[in-house]
Amino acid sequence: MILIKNAQIVNSIDNKLEKADILIVDDKIEKIGKNIEENPDKMIIIDTSGKYVMPSFTDIHCHLREPGFEYKEDIKSGSRAALAGGFTTICCMPNTNPPVDNRAMIAYIKYRAKEVSPIEVLPVGAITKGLSGEELAEIGFIKEEGAIAISDDGKCVMNANIMRNALLYSKDFSIPVISHCEDTNLSEGGQINLGYVSTITGLRGIPREAESIIVARDILLAKETKAHLHITHVSTKESVRLIKMAKEWGVNVTADTCPHYISLTEEEVLGFNTNAKVNPPLRTQEDIEALIEGLKEGVIDCISTDHAPHHKDEKNVEFNLAASGTIGFETAFSVLFTYLVEKNGFDIGKIVELLNYNPRKIIGLSPNIIKEGEKANLVIVDLKKKWEVKEENIVSKSKNSVFLGKLLTSYVETVIYNGKILKKDGVLSC
C-alpha cells in the first residue's frame, strides 16, 4: 500500500484543486479523503506538502529508434527517459530500420516493450510501405495488430492521391492519420527557418510555406474523406490559422505542437548550435505567440515531445551535416510550466489537459484520472524547484537537448504507474 499525504490534486477534466490524502492499494486508487489513517508497518508513506499530484502524462509522438538505430536510443532507455519526465504512455513512430510498416513489426514493438519497458509503449504504424510515400502499407492488418495511429513521420506523404487513399482507409479502420507536413520541394536542402538568422549565418533556409501548404492540402483531404487527421509538430502561425479554420468548418482535425516550438526561436541557432537543428525548424517570436494562443483557444489540442535522440557524433559535425532533432521527454513538463504557466498565465490544469486528457482522447484512450477505483497512474511535482538542464543528468541514451544550459522551473519528483513507485525523489527504480 502507498499513502500519499497532503496532496494538492490536479485533474485535467474539472480543472479544480483538491487537497486530500490518496490511498493506493495494489494498482488502484482505493480512497481519497482527509486524514486517512497511517500504518507505517504496512504502507509506504509519501508526504507531498507544498507539492502537486496530477495524472501521469501521455506522449503521442516520439522516436525510440529500435530496431536499427539502438546506438541512439532503444525501447528500454527511451522508456526510462520518458518515465523520468512523468510519461507512462508513449507512442513510438515507425521510422526505424526496418520501418514499422507491417503487422509483424507492430508485434515486435509490442513484444519488446512488454519485455523491457517499465511503462506503456504503443506503436504507430507506417502510412506507406518502407515510408516510401509510394504504396500504402497494410493499414487494416497494422490496426488489427495493435497500432494506435499511422504516420510516415520524418517524411511527408507528398503524393496527394496516396494521402487521400490513406485517409479513406483510415476512416474505414477507425485509426487516426498523423501527418508530418513538409513540402519537400520547398524544404529540400534547408537547414533552418528562412529569415533573419538564415541570412546572417549563411545557412540555407526552409520557407514557412513548406509546412502550411501541406497543412492546407491535408485539411482539404480530411474534409472530403471525413477521416481523422492529426497534424503533428505545428510550428507556424499560418498553420494555426488553417487548423482553426478547419475546425470551424467541422473537419475532424486535431493537432499538437512541441515544447521547443512554444519556447525557443530561430536565434538558438546563432553560434551554429546543432542541438537547435530540428525539423520543422525553430521559427520566430510571432510564431511562438500564435502557437500559445492556439493552445489557449483549443485550436492546438495537445503537446507531444517529438523526442528525437541522436548520437553525439551525429550532432558534433558541421551544421549542414548534423542530424535534425532534439530529445524532449525529460524537460517537457518543466518547459511547459516555465513558458506557459509562469510566463503566460496558463492554469496548471490546462497543462495536465495538454499532456494527459487530450492526447489520450486523440488516440482513443480513456484519460488518467485521480479518482477512487481508477488505476494509480500519477506524478508528484515540485512547482517551485528550479533546475538547470545538464548533460550528466539526462537519462536518455542520447544527450542532444536543445534546452542544455537552460534554467527551468518545476520538476517531476515521483512517478507511480499501475500502483508501483517507479521514480521517487528524482531517482528511478527501474
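Just so it is clear, glycine is given a Cβ too, placed from its N, Cα and C backbone atoms.
Swiss-Prot annotations:
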- ASP306: active site (ACT_SITE)
- HIS61, HIS63, ASP153, ASP306: Zn(2+) 1 binding site (BINDING)
- HIS63, LEU64, ARG65, ASN95, ASN279, HIS310: substrate binding site (BINDING)
- ASP153, HIS180, HIS233: Zn(2+) 2 binding site (BINDING)
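In this structure, the CA atom of ARG65 (substrate binding site) is 18 Å away from the CA atom of HIS233 (Zn(2+) 2 binding site). Across the structure, ASP153 (Zn(2+) 1 binding site) and HIS310 (substrate binding site) are spaced 16 Å apart at their Cα atoms.
Among the recorded positions listed here, namely HIS180, HIS233, ASP306, ASP306 has its C-alpha nearest to that of LEU64 (substrate binding site). In this structure, HIS61 (Zn(2+) 1 binding site) is part of a beta strand by DSSP. Those residues noted as binding substrate (HIS63, LEU64, ARG65, ASN95, ASN279, HIS310) have their most widely separated CA atoms at a distance of 17 Å. Here the C-alpha separation of HIS61 (Zn(2+) 1 binding site) and HIS233 (Zn(2+) 2 binding site) works out to 9 Å.
The binding-site residues shown are HIS63, HIS180, HIS233; of these, the one with its CA atom nearest the CA of HIS310 (substrate binding site) is HIS63. Those residues of the chain, other than HIS61, HIS63, ASP153, ASP306, with a C-beta within 8 angstroms of the mean position of the Zn(2+) 1 site C-beta atoms are CYS62, MET93, GLY154, THR232, HIS233, SER304, THR305, HIS307, ALA308.
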